[in-house]
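Undergrad: Submitted below is the structure of interest, expressed as structure tokens.
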């Protein structure tokens, strides 16, 4: 049917409006009515509850008055207080009352009281409201008029027995409805006789609560019907017109969600019948003012009357858009006595034009069963443009959404000439909205509006319930506000990054270097991919050809460790991805001849998530895109992958596969104990992934010292032979503590080169003692093909030897590195600035320490252990810890020390110093001590088998009756279920999950969970410049954050508000892209309470104190429980070190002094045990 719309303002015939005063009893519709009233030159008066005193409708009116005194009425009861509302109206000289569309709008008693008070009620007569409000009466009237109705009870019923009798006659399914109300309240669909009784009682209870009347009636339930309603207008002389129909089929729990006018796919025949029946009903009951006749249309296109709503509807806006008629204006003027004809509202002149759709934007969480969200709106940016209409109430920045009222924020109505155009327009409008601070249903509406069934206009009343894919929501990124939340927390609470001491020393913009072209003095365009690089050979010809080319190279090649081991050793692995990306293009040209860049694995994988709140896979992928020519290298801890424990074999294989696919090239495979079985697994996993297998021999001891016989030259040659037999591509000598002296390097490398002349050899060391440069030069001369170096400003002490020193020393010799010293200097200029930017993570190690030859502490662990010791309150006992480290190594059997075995020795050393234990004390008291979990795991065999075996009886005393692992630990572990984990993560985070995310969760379940929690709260913080990631901006300081290419936030920090004593929050004020923004931040300092804890009495054997400071992770005993020697009482966590505290005595638990998440100091009482 072709429809035309004539736009008019139906105001003719309404006189003397300047003296009229109108009052409205609700919020969003109140603003709508006020606007029309003002157009009619009327003064407006609002009423509001105490809880609504800040609501927008209050100050949109000319006057506003509170209903009752604070506390006199409940939030809802205030708007139901008929006598108080009428008292206010009479007192203020109100001439008309518009009831809106809720609360008292369908209350005949209220309408009668209004009229008795001499005030005009804008709506039907009380008699009509009463007759239409009672659905059983309305049903009888429809039958009398010959309007079809759904089979149902002739009147209200009061018992379950009556309901059963109806079911016996008409069958199931049925619907139970409240007789005195609507809006879906008091409705229950029953499909099984077994559910009838409970559903009947619930419907009665809900009807009684909502409408004050528990009367219900029954109807036969029609499956998948359409809900079509007709907008009516009628005057006092019985003239009735329709404004055509609306399709309100898209509902949830019988509440309308999206409405369309006119209805799509409704035949002319059915439409005409529905419109005629609506007119017939209104005429029969002498209807007056605006109302809506509602019908169901079944799948056979039969229509059935449901009810007449004697008020204006929420969705009236779409009818206004397609007809051009202001329904509220017509309401007011009809109430004042105007006739339809004087308002130019004649049926044959009312036509439609185009299509309109309305969505209701609410503060509800669709993913949580549409649970209402309450709180403060931090950001509110609405839509606009051609064909977009907004009718709002509570939608503005700063509005507080309470749980007292409807969750509607704004109604979005869009109009277009064609249905498809209108659907696209309303989707666009929803995309434009920016509402932050609490959840909305916008993502759900977007899914619904783009669903094919809706787009084709073929929906039904249970469409939402029948279409689960509507709940596969794509949440708004909310990136800008999340960035502000992070910055706000930084302003209020300071940096949350563990290990940070103070603020960065460098706060200027880092200057990027230029790289001179090989052909002349002009700088090279670093953003053009270099043509030269070893990775080209690897990609083209594969790992074997790559290894052969490396071996045939005449000089010595370099691996740059700056992107991993160097900053791990010097800056606690805290360098962020952004600062690596900044220098990546220049590095790809300056170090084009490098064998590899070490940039991943080990602690880097862990720390990016745990402390920097970044994704390690993203780091790898982004750097790979900027450096296509130089191979990337990582550390793979054999069967431990990049973790600190053994994993099921399939985890290691999957990890290597994903790492290779994401951009990794060379895998340095090592085992913390040189345990060949663990190494074999890693080698096979890398081979299957297609990576370069660089198997490592972890070096300890001193092969040049004849007095050190455990790890002698013969040991290393035999281990190398085992690795060569596995078909490795490259051999690595991993000297993680810097113990490889120049003479030892000459001896070891020379012997390997002599026996395996075609095997590429790669040597790694740390410069802790200061001999690193000499050792690397010796290794190169002895036949090493690759040596590990760091950019000058990131070299030395616990890091690797200086690249500039080695490059200069070998320049113009047959062992030249193929790297220009000027390019090293250029890259170094960047890292000089960058290191000052990270000065707050400096370890404080300013010089070499030759005592490493005694304690044999790995370089990376040296600085990390120093930091951990400070956090545990042992910073002043660093000398004692180094001594204890030597003794701890001896207690473990003089083992290879590299993560995670080095962690075992370090944890044991700190445990010994914290508890004032020496070597002999541990030997004598091992059976009663509560050792750190890592130590117990080691002695159980969960890291593998150490060379020479475990020391006995110490092993037995430490692990007591716990299990022993005598082979490769992962061999007996159940395969990890990646599919199940992925489903779990999708369900938990309600969004897509990548396979690499599942890998992260498999390797570090707790760390990944905590990382995702931070991301949910603050978004992708990797985009925040490091200066503002680590330290708050100055007041008035402006800076930018690039969310993605071409999308930049310009931020200015303005001020911080006072503490709200009730919420514990402060508001932090920013300017974002020129607009004011505020974020609420909990002041963690304000909530800190001083807790005085009881200290364990050393003289009482039953007083069990904490062996070290930390946080209680789990309490495993309860008061009254019997306990034996060695039983676990709690798990204590301190700086990534977990300790199971065991009972040293038997007895009964008398008192538990701690609970989960308590922070305690060494010696604080945990439990008290008494004799039974």
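The backbone N, Cα and C atoms fix where each Cβ goes, and this holds for glycine too.
All TrEMBL annotations are machine predictions without curation.
The domain 'Biotin carboxylation' annotation in TrEMBL covers 17-469. The ATP binding site annotation in TrEMBL covers 135, 219, 254. For 311, the entry in TrEMBL reads active site. Residues or ranges marked as domain 'Pyruvate carboxyltransferase' in TrEMBL: 556-825. Here TrEMBL flags 565, 734, 764, 766 as Mn(2+) binding site. The substrate binding site annotation in TrEMBL covers 637, 899.
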Undergrad: Including all protein chains displayed, how many Cβ atoms other than that of residue 764 (Mn(2+) binding site) lie within 10 Å of its Cβ?
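TA: Neighbour count, Cβ to Cβ under the 10 Å cut-off: 28.
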Undergrad: Would you say which of the binding-site residues 254, 637 has the most Cβ atoms within 10 Å of its own Cβ?
TA: 637
Undergrad: Tell me which of the recorded positions 135, 311, 734 sits in the most Cβ-dense spot, judged by other Cβ atoms within 10 Å.
TA: 311
Undergrad: Taking the Cβ of residue 766 (Mn(2+) binding site) as the centre, how many other Cβ atoms fall within a 10 Å radius?
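TA: I count 32 other Cβ atoms within 10 Å of it.
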Undergrad: Which one of the binding-site residues (565, 899) has its C-beta surrounded by the most other C-beta atoms within 10 angstroms?
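TA: Output for this query is 565.
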Undergrad: Can you give me the residues near the recorded ATP site, meaning same chain, not 135, 219, 254 themselves, Cβ no more than 8 Å from the center of the site's Cβ atoms?
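TA: Checked against the 8 Å cutoff, the neighbours are 175, 177, 178, 187, 217, 306, 307.
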Undergrad: Using a Cβ cut-off under 8 Å and a sequence separation of 6 or more, which residues in the same chain sit near residue 219 (ATP binding site)?
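TA: The list for residue 219 (ATP binding site) reads 150, 151, 152, 153, 174, 175, 177, given in order along the sequence.
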Undergrad: Any idea what the model's mean pLDDT is for the domain 'Pyruvate carboxyltransferase' (556-825)?
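TA: Mean pLDDT for the domain 'Pyruvate carboxyltransferase' (556-825): 96.
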Undergrad: Roughly how many angstrom lie between the C-alpha atoms of residue 899 (substrate binding site) and residue 766 (Mn(2+) binding site)?
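TA: Checking the Cα atoms of residue 899 (substrate binding site) and residue 766 (Mn(2+) binding site) gives a distance of 15 Å.
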Undergrad: In Å, rounded, how far does the Cα of residue 311 (active site) sit from the Cα of residue 764 (Mn(2+) binding site)?
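TA: Rounded to a whole number, the Cα-Cα distance is 82 Å.
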Undergrad: Of the binding-site residues listed here (135, 254, 637), which is spatially closest to residue 734 (Mn(2+) binding site) when Cα positions are compared?
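TA: Closest recorded candidate to residue 734 (Mn(2+) binding site) by Cα: 637.
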Undergrad: Determine, using Cα-Cα distances only, which of these binding-site residues is closest to residue 766 (Mn(2+) binding site): 135, 254, 637.
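TA: Its closest listed neighbour, by Cα, is 637.
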